[in-house]
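Let me give you the structure first, and then I'll get to my questions.
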Amino acid sequence: MGCNRNCGLVAGAVIGAVLAVFGGILMPVGDMLIQKTIKKEVVLEEGTIAFKNWVKTGTDVYRQFWIFDVQNPDEVALNSSKIKVKQRGPYTYRVRYLAKENITQDSETHTVSFLQPNGAIFEPSLSVGTEDDMFTILNLAVAAAPHLYPNAFVQGILNSLIKKSKSSMFQNRTLKELLWGYTDPFLSLVPYPVATTVGVFYPYNNTADGVYKVFNGKDDISKVAIIDTYKGKKNLLYWSSYCDMINGTDAASFPPFVEKTRILRFFSSDICRSVYAEFSAEMDLKGIPVYRFTLPSLAFASPSENPDNHCFCTEQIISKNCTLYGVLDIGKCKEGKPVYISLPHFLHGSPELAEPIEGLSPNEEEHRTYLDVEPITGFTLRFAKRLQINILVKPAKKIEALKNLKHNYIVPILWLNETGTIGDEKAKMFRNQVTGKINLLGLVEIVLLSVGVVMFIAFMISYCACRSKKVN
């Protein structure tokens, strides 16, 4: 009887030890299985989860606009007063709803090329007004004239055309005209061929962005979705410098197994450059653990603080010898037009940017850009891209509409918030297919290890106690 009992205790201890060892072995094996599955599913090729969502996003993406309506246009034009603006919005459009086109895999370079069609559908229920709402805004064509044509003689000719068309420094335009284009009366009188349609995002609808070529991750998962070329070039502004290189992904996804120390780089064709985000917090999104990465203030810093921005400082006067921070000159990829980008309301910008503008209220929570990334797959499950479009206006003695200006203005036109969040159904599917399986495997590992250790200790204690009684 005692022998049987001792044998039973020893057997129990052995079983506990086996369970503990099995649980310990299962941990690295489980991790390997997870990595193998993830590496397979994030490759951009037919049949994977990543490819299906990459071709056409299953998330509704919206672009909201807030327009800076000028309240005192005559004062500014006559006396070079501060520009008083009133923010009006949001006006919301659904974007990025069209599937990628001309998708072509290259097995030799392990890349996939494509075009991204553009389209915008107005969403009245998510807007404060209609596309016919009227705004007083900067006259884009008049403001750009002295910048594009600095020659005094040419400016004299342009001035006669501006007067003939009854154009001035400011104009009244509908939301639809401002965003998507209108025929400018001044440009329509220019006697040589010029584009006469003007709009902040013209042309957009029925156009396509690209051609993009990205790595599909087939040979190296650490490069998946990273852009190789855009429109056939690795370098957007055609200079040999780092800051205008096309770096990173399109921000819809990143290579998997994202660590908090990683810098996430992504390219935006809207602003003609790559930017980056840094880890800021762990968050829960519909039951899915995500890492929040935010765009740091250093991304818009002056070249003296951030050398990566040196190629966005194109002159010494406006930039105050390249010390001005919070705005970047992207005119090189906007056909030479005086376009500057910033964060909304000049968040993190030099004080002198907002000094000639009344009505701005920068707010970190409302105006920052962030990405919520699921760290195992690298998929972006929620994001908010927030940017402001500004136009430089300079005094011009030969152009009457601008001759009374006493200093330069970087005039805010609008700011946008492009945002998307994984839907409830997609989130449920993601939890079932990815996080649920990972959590279950992790739970099994812990349970086996814990039960094995407990059984081993319990049976060993019982065995020792039994042996002690037998000796006595």
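For all residues, glycine too, the Cβ spot is worked out from N, Cα and C.
Okay, so TrEMBL annotates it like this:
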type: TRANSMEM; residues: 7-29; note: transmembrane segment
type: DISULFID; residues: Cys243-Cys311; note: disulfide bond
type: DISULFID; residues: Cys272-Cys333; note: disulfide bond
type: DISULFID; residues: Cys313-Cys322; note: disulfide bond
type: TRANSMEM; residues: 440-466; note: transmembrane segment
type: SITE; residues: Tyr463; note: site 'Critical for TLR4-TLR6 dimerization and signaling'
type: CROSSLNK; residues: Lys469; note: ubiquitin cross-link
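Walk me through where these features lie, including what they touch and how far apart they are.
Of all Cβ atoms in the shown protein chains, 16 besides its own fall within 10 Å of the Cβ of Cys333 (disulfide bond).
Contacts of Cys322 (disulfide bond) defined by a Cβ separation under 8 A and a same-chain sequence distance of 6+ are given as Ser302, Pro303, Ser304, His310, Cys313, Gln316, in order along the sequence.
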Rounded to a whole angstrom, what is the C-alpha distance between Cys272 (disulfide bond) and Cys311 (disulfide bond)?
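Cα-Cα, rounded: 12 Å.
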What is the interatomic distance between the Cα atoms of Cys333 (disulfide bond) and Cys311 (disulfide bond), given in whole Å?
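Just about 12 Å between their Cα atoms.
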